[in-house]
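Going by TrEMBL, these are the annotated features:
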- 31-51: transmembrane segment (TRANSMEM)
- 111-141: transmembrane segment (TRANSMEM)
- 161-177: transmembrane segment (TRANSMEM)
- 184-211: transmembrane segment (TRANSMEM)
- 217-237: transmembrane segment (TRANSMEM)
- 279-303: transmembrane segment (TRANSMEM)
- 309-328: transmembrane segment (TRANSMEM)
- 340-360: transmembrane segment (TRANSMEM)
- 407-472: domain 'DUF6798' (DOMAIN)
């Protein structure tokens, strides 16, 4: 990352094959090579291969934000926030203009290209070699892109990925000393995703300070960023605070519902011992070790990237401190919606780049050439075959409709042909097939059928009023399984979808009659007046 610029490296004298081995070790290799290699590396994660779970939610939610007239008050996709992110609006308008499938493909390919260019732009400013890029990126991807908290950068089409494109570009601007341009990009990132842009906006201001920027340049960057995001912050905060909420029949606060009940794997490490063990323990240990290593290296005079190590040591130390804050907040979850651990993914990637580059810079030439040979083998034996396979999968990836099983498609056809367009079809149960098929069919039923389904556990809103409504509906859906008609008739449900042979059929026989059935599903039509 740059103030103490690394001198351009020249190949050591020797035979031609040694010069070729030395080429990927050079830090002045140029943007083009970095972009090409990054394209290959990110193709493994970002080429579209069917629909991912988050995309099922955000594409429908984006369309609801931009075209609310296409939805009823009983659709399971809802969120009453005045503004959520520019990314959602971009998705929503793309769906309206192109349709879900084409919009998904266009946005996925566009993000892949834009992200690869932004990463290469930043790494070119860092003056890292392609060997460092490949070793660090593969270590990052093989580790699931995270230290903890289920965070990632390169995957689905959603608002935070748009934001990370702007953050990488802003990093490249900071490292080149173009601070006002960085501030503009960071503000754009915040409008794409407030938490991503907000944290990394503050972090990159500190990076500029660590790199030696002071006075008008640093102050201008900070002022431009803060003033640009203040209107957005006001809009988001006004939708969360000062709102009168009805907690009747609810046993948790909105913060407890969002953080502890629904997103403990992302934001609440101390929600339970099982949650901590499954999602957090290993990451917490590695985060503490990484913070200690980076801060220790920053104190060593011969370490070639002391400024970067100091800055990233601060980022990872913040994550350690966030555990303390999360522990103190483990009951109320006031800070859960801030996603305190969101920086863990990008922080890990940057730390790997700095550590590997620093270690190779100090290594003997022979060891560096061994790393270069390892790079060639990794590219030929790991990356290229994976990219070819991913490209083949992407080329023949099914549409959402084509991904359905025969039984699911039959249910969809019957629903569209035999129920009114504004009917509410409650998906009480769904056959557990493969995880992918179950999620695609279950989450895509509203989109494909055009019928409202009232509630879906995945489609959690963020506005306080709607979050309470969602929580009540989730609890209601559980009550239907135990209380039968008493619970079912509390909501305006017209049809109930069950698994064939479901035990729920008997408790509902007094208020719902069989309407259709196949080997996997049974549909009951709700009777409001006893027969």
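From the backbone N, Cα and C atoms, a Cβ is placed for every residue, glycine too.
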### Task
Rank 31-51, 161-177, 184-211, 279-303 by Cβ pairs under 8 Å to the transmembrane segment (111-141) and hand me the top one.
31-51
### Query
Are the transmembrane segment (184-211) and the transmembrane segment (340-360) near each other by the rule of at least 3 C-beta pairs under 8 angstroms (pairs 6 or more apart)?
yes
### Intrachain residues whose Cβ lies under 8 Å of the transmembrane segment (279-303), provided they are six or more past its termini
146-150, 264-265, 269, 309-310, 312-313, 316-317, 319-320, 323, 344, 348, 351, 354-355, 358, 362
### Counts of helix, strand and coil residues, the domain 'DUF6798' (407-472), according to DSSP
36 helix, 5 strand, 25 coil
#### Entry: For the domain 'DUF6798' (407-472), the mean pLDDT of the predicted model
87
### Message
Same chain only, please: residues at least 6 beyond the ends of the transmembrane segment (31-51) with a C-beta under 8 Å from a C-beta of the stretch. Say none if there are none.
### Response
104-105, 108-109, 111-113, 115-117, 119-121, 123-124, 130, 133-134, 137-138, 141, 145, 154-155, 157, 379, 383-384, 386-387, 390-391, 393-394, 397-398, 400, 403, 436, 440, 444
### Task
Look over the recorded stretches 184-211, 217-237, 309-328 and say which has the most C-beta pairs under 8 A to the transmembrane segment (161-177).
184-211
